[in-house]
Structures are given as C-alpha cells and as structure tokens.
Amino acid sequence: MPSQGHPPPQGGQQHQQQQQRAFQQGPPDRKQYPPNSIPLRDLQNQQQPQSQPLHLQSNQFNNHHYGAGLGGVDSDDEVRPFANMSRNASSDPVIDKGKGRHHGHGNPSESDSDNFSDSRSERVLSSGSLPGADIDLFGPFRGPDDGRYTGYSPSSAALLSLLEHKRSPLAGLQYRYDNSPPAPLPGGNVFGDPQSQTSADQYPSWTIEKGVPLTRQEIEGIMLDLTRKFGFQMDSMRNQYDAFMTMLDSRASRMSPAQALTTIHADYIGGENANYRKWYFAAQLDLDDHMGYHSAPLKNKKVNRNSMVPQPGAVNIETHDSLAMAEQHWKARMNQMSHFDRARQVALYLLLWGEASQIRFLPECLCFIYKCAEDYYLSPDCQRMVKPVPEGQYLRTVISPLYRFIRDQGYEVQGGRYVKRERDHDSVIGYDDINQAFWSPEGIERIRLRDKVRLVDIHIGRRWGALGHVDWDSSFRKTYIEKRTWLHLAVNFTRVWIIHVVMYWYYTAYNAPFLYMNDTTDQSGGVQWSIVGLGGAIATLIMLLGVFCEFMFIPLTWSNSAMLIQRLILLIIVLMLNVAPAVYVCLFNRTGDTSLYVGIGHFALSLITTIVFAIVPSNQLFGGNSKTSRKNLASQTFTASFPRLKGTERALSILLWALVFGCKLTESYFFLARSFKVPLQVLYDERIPNCQDKYLGVTLCRIMPVLTVGIMFIVDLVLFFLDTYLWYVIWNTVFSVCYSFKLGISVWTPWRNVFSRLPKRIYAKLLATADMDIRYKPKILCSQIWNAVIISMYREHILSIEHAQRMLYQQVPSENGNKLSLKTPTFFIAQEDSSIKAEFYPHRSEAERRVNFFAQSLATPIPEPLPVDQMPTFTVLVPHYSEKTLLSLREIIREEDQNTRVTLLEYLKQLHPVEWDNFVRDTKIMAEESSLFNAASGFGLSAFDSDKEHRADDKNIDDLPFYSIGFKSSSPEFTLRTRIWASLRAQTLYRTVSGFMNYAKAIKLLYRIENPEVVHQFGGNGDRLERELDRLSQQKFKFVVSMQRYTKFSKDEAENAEFLLQTYPSLQIAYLDERPPEVEGEEPIVYSVLIDGKCEILPDGKRRPRFRIRLPGNPILGDGKSDNQNHAIIFTRGEYIQLVDANQDNYLEEALKIRNVLGEFEQLHTSPISPYSPQMSSEDVPEPVAIVGAREYIFSENIGVLGDVAAGKEQVFGTLTQRMMAKIGGKLHYGHPDFLNFIFMTTRGGVSKAQKGLHLNEDIYAGMTAFNRGGRIKHTEYYQCGKGRDLGFGSILNFNTKIGTGMGEQMLSREYYYLGTQLPLDRFLTFYYAHPGFHINNIFIMLSVQLFMFSMLFIGSMASSVTVCADVAEAGCLNLVPVFDWIKRCVLSIFIVFFIAFLPLFLQEFMERGFVRSLIRLGKQFMSLSPLFEVFVTQIYTNSILTNLSFGGARYIATGRGFATTRTPFALLYSRFAGPSLYLGMRTLIMLIFASMTMWVPHLIYFWVSVIALVISPFIFNPHQFSFAEFFLDYREFLRWLSRGNSRTHVSSWISYCRTLRTRITGYKRKRLGHPSEKLGGDIPKANFWFGSIMAAIAHAVAVLTLLGFFEALWALEAWNASHAVLGIIAAISVQRFVFKILIAVFLTREFKHDETNRAWWTGKWHGRGLGSHAISQPLREYICKIIEMSMFACDFLMGHIILILLFPICLIPWIDRWHSTMLFWLRPSKQIRAPIFSAKLRAQRRQTVLGYGLLFIVVTAVFVMLIIGPIVFSKWMPHNIGKIIPV
C-alpha cells in the first residue's frame, strides 16, 4: 500500500554515502533516495487526492505493447470463459475429492461461477463502493526490496515502473521512506531482553482475553520453580520457556487454549500415542508406582517394604493384573489432572530434554529420568525444599556421567587428546544398547549405585537424588551384537532366500529327472514328487541357518536362549518330517502306488512348509508374541508397532507383489529353468574323450563337465534372483505411473485443464477462503498471488522484463474511463490454445519448468489450508559444516587451479545465458538508477526499453564489463550482485537460506491477501504494516542454521555468515563455543549457543548470544551431521520441523503451499473432545503422521552427462519410487526436505541417529525408528524443493561409496533385524526391495558377470580341447550347441537387468514432460556413454558394501558439489579406482579374451562393452582426458607416481597407495613407538638421497621384466597357443592373489603410520628411524612385503600402460577434445571451454616434455605390441617343442 501523510522531506542520502556502504554492513538500504528522484507510489500520492483509491491512474496504462495477439483489452467474446457452471458442480474430478474442507457450506470451490468472471478484464471496485479497500496488485512489492538480492538490486520503484507502465519513474521530487524504529510497547519481555518482542506480541494466541487456563506468568513461575528444585541452567530454562510458549501459542491459534495445553500434554506424556505412556507400561512402571518391583518377574530380590509408600492416587496392585485395566486407570488419572499439573509435567520434560545433550538420542532413558524427577517432585523431600539447587546440578550429576560413559565407549585419551578406539560395533555399548536397558524391568533392575545397591530398591521419591551415584559402567550391556559378518543376511532376509532358493529347486528338480531317476525302474513318479518335495527341507535348512546365526547377534539371556532353543528343536522336527518321506521313497520303495502317494504327500508337506516359512515372520513362528501380554510389551511397542495400512492400500500392496512374483515365476520357469534342462542334460551325460593328465589321470576330465554344470547351476540361480528385481522395477513403475494419472500430475491428463483452471485453483486451494470476509472477487485475490510468483521469477532473473509483463495481471482503464478493470494475461489460455502465438518464457527454461509444475501440482488433491494466523508454527533446520556460504569474487572470476580451463563465472554464463542476460540488464538498470545520485536526468531509456531496436545496442563497448563480469563499478553493491548471481546457481548455503526464506514472504503475502482489512487498518503506513507482517511471519516460521564450525571460521567464512545475519535478521545460527576449562588440566567447556541478526554486536565483533547452554562435553561423537542437528534442535520452535541440507533451494510458489503441506500431518482439525475423555477409545485415536516427504527437483540436471545421470536417479527415487512406497507403507526418512512431527520425533530419539560408523546414513534410522514405533510416513506430490547433486565423476562415486558403505552398516543394525523378522510378507518385500534389495541386486549383477565368465572358462577349456559337434552320438566330439544357447540367454538376461535401470527415468520424464523430452534426455545420456558409467557405478556400489561388511571403515565422505570442469591426473584416477574396479575389470577382461578366442558368439559384444567400462570409465569421463599434450604430461606424472616415495616421503606415490591397500587387512599400529631409542642409535650418517630411489627402480624394473618374461615363457611352453597362454595367466593370477592374501593376513603385523620401514629397506639404514625395538623384526616383515610389492608393482606398471595404450588412439581423432567436452558438458562447440593460455617459456617447456615423454611412450607401446604381435606373426619360426625339451 502506498504511504500517506508523510512528513515534509528532511533531505536525502548523497551518492557518496551510498557507495561507501561496506560489505560487512549488509545490503544497502533502498528505503531512501536522493534529491530529484521519486518512486512511483509517492508520486501517485502527491498527484492524487487523499480520498482517491490507492492504485494507478488510468492515464498511466495507455500504452500496452504486448505484440501480436496480446495488445489492448480483449472483449468478452475474444477469450475463453473461466467457467459457467453451478456452484455445486465441478468438471474437475479432483476438486470435490481433493479439497475436503470442513466448512462445506461456505467454501467456494475453484469452479464457482460467482467468484470468477467470464472475461479476462474485470472491473475493480470503485472508491465509492468500498472506501479504502481497493486492491493494489503490486502492494507487497512496494517499499524496501526483499528479493534474493536483498538491497543489491534495482529499487522496487524502478521494478514496478517497468512492470506497470514500462517507462522510468519521473524524477524531480524527493522520497522519504519512514524508517524510524517502532515505538516501545508497554509491558516488557519476560526475561528482560531488550532485543525481543514483548510476550503479548510473541504469543498472541495465549492471552488472558482468549481464556487461557494458565497465564504466561504462571507458566514462567512453574519453570522457575522447577529450575530452582532441579538445578537447570537459566538460559536453558529461558530457551525451553520460549519453546513451550511457542508450542502453546501455535496450537491455541486454531483451538481453545485449554485444548491446546491438553493435547500437548497428551502428545508428550499421557496420550494414546505418547512415547512416555507407552514406555510406562512396557517397563511395568505402573507396578513400580505401588511398591517398587515387588510384582516384577525377577528373582532373588530384596525389597525393603517398610520404605515403600504408595504414590498418591495409586490403586491396589490387584487392579493391575490386567493391562487393559491399568491403561484405563491411567486415562482416568490423566483426565482428572489439573491444567497446572499438565503444564508442570510438560515443562519438566522439556527442561530435562533441553539439557540432555547426547541423552536426547536415548528416548526411554530420558523417560526414566523424567519418571525419577516427577516422583521426586511429588515427594515430601522436594516440597519441603527451601534452598534452591545450584544452577547446572542436573547437568553435572545426571547428564555428564551418562555422557562420559557414551564418549568413553568410542574414544580414549592418547597424548592428552581423545582419539577413536579401535573397536568395532560388537564391542561398543552404543546408544541403542543403553536405551534398550530401560525398556524392561529386568534392564532397569541392573542399574546399581557405586555401593552396589540396586536403584529399584530405593524408594521412588528418592531415586532422583541417587542418579548421581549410579555406576553406569556396570549397568549396561550389549542388547544386540552388530558383528561384522554376512550372516546378518541369513537372519534378516530369511524369507527372501526361502522364496527364491526353494522355487528354483522346485523348477530345476522337476525339469531334471534324469539326474536322479532311472528310466527303466522309476516309472511311478513317486521319486520325482519326493525329490521335488525336498524343497521343504531346503526351506527348513535355511530357517535353521537363520536361527543358528541369531545366536551370534542377540545376547544369550535365559529368555532369549529358551526362545531360540525352542525354535531350533521345532525346526529340526520339521526338517525330519520333510526328509523322511524322501528317504523312504528313494532308498526303500521307488516303485508302486505307495511310493507315489508318499511322494505326493511329501510334496504337499513341502509346499505347506515353504509357504508358512515364507509368509510368517520368523519372530512369530511357533506361537508369536502376544500384543497384550506384559512379557513382550516392550518388544512389541518399540520394535513392531508398525502403522497399519488401510484396506485399499493393503490390497494394493498385496496385488503389487502378487503380480511381481506371478510374472517372475512364470518367466523364470520358461526362460531360465526349462531352457536349462537341455544343456544340463548334455553336459551331465558328456565325457571328454582322449583326456589324460600325467598326475591326475582321467579324474579331472571326468568331473570337468560336472563342475561346469555346477557353476552354470549357480549362474542360473543368481539370474533367478535378478529376475525378481527386474519385475519389481517394472511393476512398481507401472503402479506409480497409474497412480500419477489418478493424482493428475501427468502431462497426459488433458482433462485437468492445467492452465486455464489455474487462477481458480489458486483461489480454491492456496487461499483459506472458508472463513474469509469476501469483499473482492476471487479473480482479484488470485491475481496478487500470480503477480507475486511472476515478479519473484523476474527478480531471480529467470524471466525477462518483456516476459514478465506479458504474464502479469494488469489494471487497465475501463470503457467509461472512471474505473479500472483487471486484465487477465493471455498466458493461461495460450498454453492450451495453439492458435495463440506468443512467447512467455524461453523454451525449456527454468521459468517454464517452475510454472508448469506449479500449475500441474494444483490439479492434485491438496489439504485445505487454515488462515495464516491459525497455521501451526514450524522451523527449517539446516546443518552446516564447511559448505560454501557465498562464493567470493576470486572464486568466480579466477580458475580453480592449473588444471581448470574456465572460470566459474564463465562456465555459469555458458550454462545460463538467458539468466545472465537478464541479470546484466537488471544491473544496468541499477547503474542507471545510481547515476541519479549525481544527475537528475531520470533513468536512461537504454536500460529500460524493451523494444527490439534498442536490443542491438546493449552490448556496446561501454557495456562490455557488464557482460563479462557483471559490473563496471567495483563498489561492494555491484560486485556482490555478481557473487550472489553465481552463488544462486551453485550449491551454496546462501542459495538455501534465501530460498527457504521464501516461507516468510509467502506467509506475509497470504496474510495480506486474505486479510485486506488489515492492510486498510494501517492507513497506508507501509512501515507499520511491514512490521506487523514481519511479526506474524516470525511467529509462524523459524529458520535455524546449525553451523558446527562457526567459531573456527576463516575471515571470509565469518564475513559471509555475518552477511547472512544482516540480510536476514530473523535467521538464527546455532553453533558450538569451546572455552578453556575452569581448572587447568580438565576438559574444555563446550556451550551450545544461539544468535540471530538482531543480537547486539559486541566490541570484539561477535554477537551477544540469545541463549548459551553448557554441554557435558564435545557433542560431536559420531560422524558429525546427526550430532550437529542434535545440539541445535533445542533451538527449533513449533510443531513441525523441516530438515534441509545446505545444497537445496526453494521457490516462492512452492512456499505458498506450506499450509497445505502441514495439513498432511492431520492435526489442523482436531476433535474438540479431550484426548483423555472416556468418550475417546484407543480405536478413535489415529496413528500419528511422523514424517511427510516431499519431491525434489535436481537443479543440477542438464549440467553434463554425469550431473544429469545423478539427477535422474535422484529424481526417480524421490518421485516415482517414493510415490508408490508411501502408498503401500514402505517409505522411510531420507533426510531432505522431509517435514517431521516435532513432538513425535523428539520423544523417540530425535531426527537422526548418531553412533559413529554404524549410523553413517543417519537419516534413514530416524525413519525406521518412527516406522517401528507406529508413525506413519507420507509423501506429497504437489510440493517440491530444489536439490543439488554431485556433478563430477569422482564426487558422484564418493557419494555412491558413502551410500554403499552406509548400507553395509545398516545390514548390521538392529533395525534391519526388527524389520526383517517381524514385518508381514508384503510389507517386508516392499522394505527389502526398496532398500537393501537394491544393493544386494547390484552385488548379484556383478556376481553374475564373474560367475558367467568363470563358467565360460570351463566351457571354453572344453571347447578348445576337443572338437565341437552338433550330434552327441558322434564319437570324439562334444555337443556344446545347447550350452552356447544357454550362454546367449544368460547374456540377454544380464543385459536386460542392466538396462531396465533406465526404464523408470524414461517413464518419469514421459509422464511429466512428454514423450519427446524423455527420448531427448535418454538419447543424450546414451550418446554420452552413460551405460558405461552405470556399469562402473554398479561395481562401486558392490565394492563399497563388500568392503564394508568385510573390513568396516564406514565414514562420512565429503563429496564436494562443485562444477566438474577440472582435469584429474591419470595417476590420481588410477590410484582411486584401481582397487574398487580396475583390477576386477582387468581380470575379467583376460577371461573374456580367453572366452572370445575359444568360443566366440556375437552376444559377447555386450560383455566386451561392460568389461571395458570397468577399466576405462574413470578416464572416459575425465574432462579433457584426450587433450594431446595433457595426455603425455599425464604419462610423465604416472611414471613419477610409480617411482617416488622410496627416498623421501611422498603422499602421492605408488608405495603409499600400496601400503594403504595393505592396511585394510593389517591395520595400523596403535602408537608410534621407539622415539627414545633414536637417541641410542647415535649419529648415523644420512644415506645418499638418490640411493634408495635407484635401488627401488632397479628392483621394480627387474620385476616388470620378469613378469613379461614369464608370460612369454608360458606362451612358448604352450607351443604358442594363445588361448592356452591366456588360460595359464588366469591361473597364475588366481594362485598369486590367493598366496598374497594369505601372506598379508597371516604373516604381516600392523603397519606403521609412517613409511620409514620402506625407506629403510631400500637404503639399508634401519636405526634412527623411530622404530625402536621393531628395528630387529621389521626387516623380515619388510622382506615379505617386498615379495608382494614387486608383483603388485609389475601389475600396476603393466595395467597402467595397457590402459594408456587403449586410450591413446582416441587422442589421435581430430578435434576429439572438443567433441569429448561436448559429450561431458553438453555445451555446443561454439560455447566450448577455451584452451589454457601459457607464457612462451612455459609453452616451450611443455612442448619439450610432450616430445620427450611422447617418444618414450611410443617406444614402450612398440615393445608391448611386439611382445604380443611378434610370436603371432613369426609363429612359423618359433620353436614349438620347448615343452618336450624342458622336463615339466
């Protein structure tokens, strides 16, 4: 609203003052302007009488040039009407179904004809009809700028001038914006904080006028009293008071205050879904409340009954015999509780939770502490207390001892600092073990004081005081043993193995009767039935294996052992029943009817056994746990309270898996099992003729076909597993696509009328119109929403001014000229009417994507929004470690390093040319605006004109600085604009913060629109209105960034953080502040601190903390992120929390949907009946929604092939997969950008888990915990956030490695044990195939490749030794034709399994962007060789999980999310990927060469592509890999990498790489020993610097020559038969790998962390190297190492050269570097990254180096080629009888 009644001008700021505004002072204030300039709105105020409406005069809209078809005011018959239908009818199938409004009679739908006019031009009410209430379409954008560039952009006046009438604002008058601070309000802050608002402003819904049950002062008094009695910190109390009041205020805004307090108490303490209540009964505390643990099932307890006094309100113990009666008594007690006690109990819990630090990860431990505190509060001792408890006593006596126990489990002190213990998870008592001790009375009974007295023997009122004397070290034990072994899969996924292995047995045994039947004697069929029926015995054996393994993982208490032994005995009985009939039929009676009947009965029993074991969870076999018995209540409550699926959802889940396995079993039978019959029979009957070995005779020849059959059998079994995942992907995709049709989020649902109905849907679905005082027609209200969205896009430079003008609603003169009419943009109709030709945004631009999704999303069912002042409060939490906050000017205009060929700014300009052009034009506007400080000539039209004739002159000489670096003046406000532009297109924290601050803008915008009377109330005072809107947005929305390293920031990082605070004063930063200890020698003191942009800046430059809470110690005990979230979560506010990573983005149009998203938690419309009322039964209480997931748009897509592949995977997982998973109850929590139910999650362990290593993928554990404890997890299709993904080869694979190793840790976890052994079959399969099944499938894919190649060795050996014939009856030949057919089917199966991965992305693109776009995207990926990348990624996943389950080592990997334009040296790529992939690829390549030489079939081409991908992918996707000069410079660096590190330490060397590989098995020595012995060694002269290197070079050269000579000798011994020589190499490699692994595992001790032993070996100097006494034993150890290292060096030398030789021919292709860059970056050749520029001297040096090493490379290549080609070309001259000459 324009301001009215401003005081006379007081003089303006001068130009110099504007330009002197420094970076640290935040964005320049656009609220003041110099003389002779005036924003449009004040000009209007002075030109209009005070009584006129506050909108533009008609003469300002005379010139509208929209181009063809867009000009002027269209008549009614020229446009398509909105709708002409009745109020109750809707042609949109989702309108009536999706709205679900509670006020149906007064709610206008989106198709109401009364609300929307039939024409695009609608008259605005005149001033006489409703004084002061006219709508200003651009009201929210007048005054100070609030875009993502904050004050570093053209003023709002200049912007609105362009948007409203396309010319510069007139100059001549001064403008003054009232920037005076608000007058102080009466009253004061509760805690005297002068920077805070008063409580009346902070908690407007919790006032006496609203009838609150307790005043704020009374609640404050409660918390002060609790602080005095329990010793809480004052700052913690202030923090929790604010949190409690915010929660009360949030709920009281939409329900009565009494109901708000009651529901909060029910959620925290006493309600049906309260975790405390569940724990209270699970731990049998209702019995303890009467008389200790007298009735608990324990032995040898001595209870002092004289000290036991029943708690007030307790009933006789007899009434607790029934759990139902106990729960009924609990509910009655809660119902009778006063509001004071409810508030006190919640306050006590919050105060305990607020200082609990790491104990917040232990929800039941916290419940126990709360119970002790509550009992103490009710005891006479507490009531008689006079002297307050010292501040911090709770932290010192209760929390700190528990914290120290947790810390000491993982860390120990060495050298005065904490280092991680060398313990694996099975030796660490972790968070879950500690927490689980409080689940049952048996666990609590083990808690003893230091004087050995049990805590339960102490009266309940005195236990609080005894907590400080507990011996926690002896109170806990392992409750689940996370032993690092593959056997977890046998326990957790037993049903998967049973289904597949048994069905495979059925198929194969049925189709291979020739293996076990005699054609002449076994005619009855009983033997076949019985052999097939042995599948039941196999199922039982698998179950037995699971039970035996279970003994390893659960502690063998009496109850656990009894349960397992009982299950073991019963399974043995079942096994005997399944084996006995086969023994009878096969051994005693193979013929006759009896045999047949027994066989059929055996098969029936087998089917029953298999079906039962496959369907029934193992934990429920043979008498499952009763859900109502006290004995198993804890396990049921905390591990198996899975949320129920509705009838239709459960039916959908069962149907999905019925279709998956129906198709899978049918296809597998015909394609795998039945087709395997012929090759199986051929090989089984085959005997190799003329086969004789000198030592083994014919034995090996006889078993060769049998061994081949066995390997083929295993290959088929692996493919049998892969088929299931194939059909799962297919059917899950089909179901998801069909569901997307139903929701209306597909472009193939034309009946949705996405764009023509968009204005109505904005009104009906985004605005809370049910209770709104309708003064304006809906079209007027929705126009403000639409204009806000378009202007935000213009401000972000994704729309040009011309496009924005065409898409905005405009006020134009009506026909009579006395009124203004509202002109609807033709955009809505043009999108669905091809006859209207107009461009509204660039094709396939970001603006098009965002507008399309916004329109499409509103066509889906969306929950009804509440009015803004009734919406719940929520917080966005962003954990931050070292991510970039804001890019510096140096980072964006200089190359990153010498290997980078482009500056970041230049690269971004290539990626976003249109947005850069818009930015430059905007910058020129700002420059023109600034020029008014010196001249009063107005804005130059060159910057504003949108006419095309001026466009040609934009890029004149004077404008070159703008187009090159974005600014001409170096003043901070211009340079910072360029930095912000680049930061908003990179993955920075500024992009995240500015994006999610759109929530505040959305809240203010919605409130203005829905409450126009509030705008009118302020009478044009923009400042007061803005302050009121700020207050409201800050009441409903909080933003916390947890900056773990804030106090350790560099100067630049600290300045960027301060810039954030000044730009967004409401932003809060939580950080850790470490201070020196109070007593020297003790541990440092660590505080959790909160600041915001309103905190006072102290003289030292720091801000005065708003809260400062002491912690028991350093909270970062895990992998970092979860601990960082946990320390900051106490500063979050409200009912919900959104978890966001520091590489995400959000948009205004998505932020407008926040009320709808929060409605997904189903808590906005609660029942007015008290949750404790007898009328409310447990069935009436719905299962709570714990997590609401959201879509992610990966904004790093289309940034090259790798970025697009990574984005595509994330896109598919976050949309297509999650859509179906949420529907059938399989979705978990994946971190971002999910919304969480704050109370539900924080009372159940927090938003993530934090045990180091085990909880590497910390987010998913919170999802599993919520799922196990009854929380529903939903997914929204209509809301999305932006998300950045890795862009480079190395960073993507680092991320994949982190995910893979994290999955390995998940397989060890108890959560997988709970889910795998307790979920119903359909939900278990959903969980398995959506999570671990994906990774196990990758393992099976790579296993199938290796097993297939292994089978090819056997088949090829037979094929190369004897003649292959087509008739088995012929003598002297082998019939391998059926085997060749089997090979072709296997190749086809593996090919399909690989390429089915592209189906979901294709269909996702097809559904949301159309057929052409999907073809283009996949076509670009395929042309960019993405299948090679997919093969490599599959191996990386496989290697990471195999390595983790074998050796451990899971850790957080900082992947890095920068733009991948830097070339990585060959040696670095080789060392990074040799272990995970290159070695395997080369071994497989040698086997493939042998197979191709012996039995070539065209199908092997696919394997050639796949195997080559394993070897060369890192180099194919390396930027500028094929630059000719860089190739030879790489070769020089590779040779240096191989040779250095033997005389002096070098991190980047082959020997360092080799030692690192070894330490995976050997490990490092704990300490560096022997420093004192260095003195005893005397002054030993230092060896010659080059001596060690020379000796190492000689040894390595000998090793290489020896290996080459060995190959040639082997070839010669095989009479120059190449295939035999290759087979010999394969055998030699296998034997050598086996021997080396034995040597490393058995004979090598731990490795020193330094490399002195290696240098000592080559120099011969062992003393004086810090080895101490190890100098005696190390030479022998090093000798073994050198045996291994020589072979490894020769291998790496040859492998590196082979790869270089394979890559070199590509370098010879003309312009290959340009085409290769086009493939990687998807940039047109005209926009290619330039070649680097070097000085003349450097160019000469490079030429000389390239020439020298190029010649060396050619010589080495020629030698290699001659060693291979020579014997083939000159074979006739080669000796062929060496084997006879040399006795072998």
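Here the Cβ of each residue, glycine as well, is placed from N, Cα and C on the backbone.
Record features (TrEMBL):
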- 1-10: compositional bias 'Pro residues' (COMPBIAS)
- 194-203: compositional bias 'Polar residues' (COMPBIAS)
- 340-452: domain '1,3-beta-glucan synthase component FKS1-like' (DOMAIN)
- 486-507: transmembrane segment (TRANSMEM)
- 568-590: transmembrane segment (TRANSMEM)
- 596-616: transmembrane segment (TRANSMEM)
- 703-722: transmembrane segment (TRANSMEM)
- 728-751: transmembrane segment (TRANSMEM)
- 1339-1362: transmembrane segment (TRANSMEM)
- 1473-1493: transmembrane segment (TRANSMEM)
- 1499-1517: transmembrane segment (TRANSMEM)
- 1585-1607: transmembrane segment (TRANSMEM)
- 1619-1645: transmembrane segment (TRANSMEM)
- 1689-1712: transmembrane segment (TRANSMEM)
- 1746-1770: transmembrane segment (TRANSMEM)
Counting only pairs at least 6 apart in sequence, do the transmembrane segment (703-722) and the transmembrane segment (486-507) share 3+ Cβ pairs under 8 Å?
yes
Dominant neighbour of the transmembrane segment (1339-1362) in 1499-1517, 1585-1607, 1619-1645, by Cβ pairs under 8 Å:
1619-1645
The transmembrane segment (486-507) versus listed stretches 568-590, 596-616, 728-751, 1473-1493, 1499-1517: most Cβ pairs under 8 Å:
596-616
Restricting to CB pairs under 8 Å, which listed stretch, 568-590, 1473-1493, 1499-1517, is in contact most with the transmembrane segment (1619-1645)?
1473-1493
Give the residue counts of the domain '1,3-beta-glucan synthase component FKS1-like' (340-452) per reduced DSSP state, in the order helix, strand, coil.
72 helix, 10 strand, 31 coil
What parts of the chain pack near the transmembrane segment (1473-1493), using Cβ distances under 8 Å and only residues at least 6 beyond its ends?
1293, 1297, 1345-1346, 1349-1350, 1352-1353, 1355-1356, 1360, 1432, 1435-1436, 1439-1440, 1500, 1503-1504, 1507-1511, 1513-1514, 1553, 1557, 1618-1619, 1622-1623, 1625-1626, 1629, 1692, 1695, 1698-1699
Across the domain '1,3-beta-glucan synthase component FKS1-like' (340-452), what is the average pLDDT of the model, as a whole number?
93
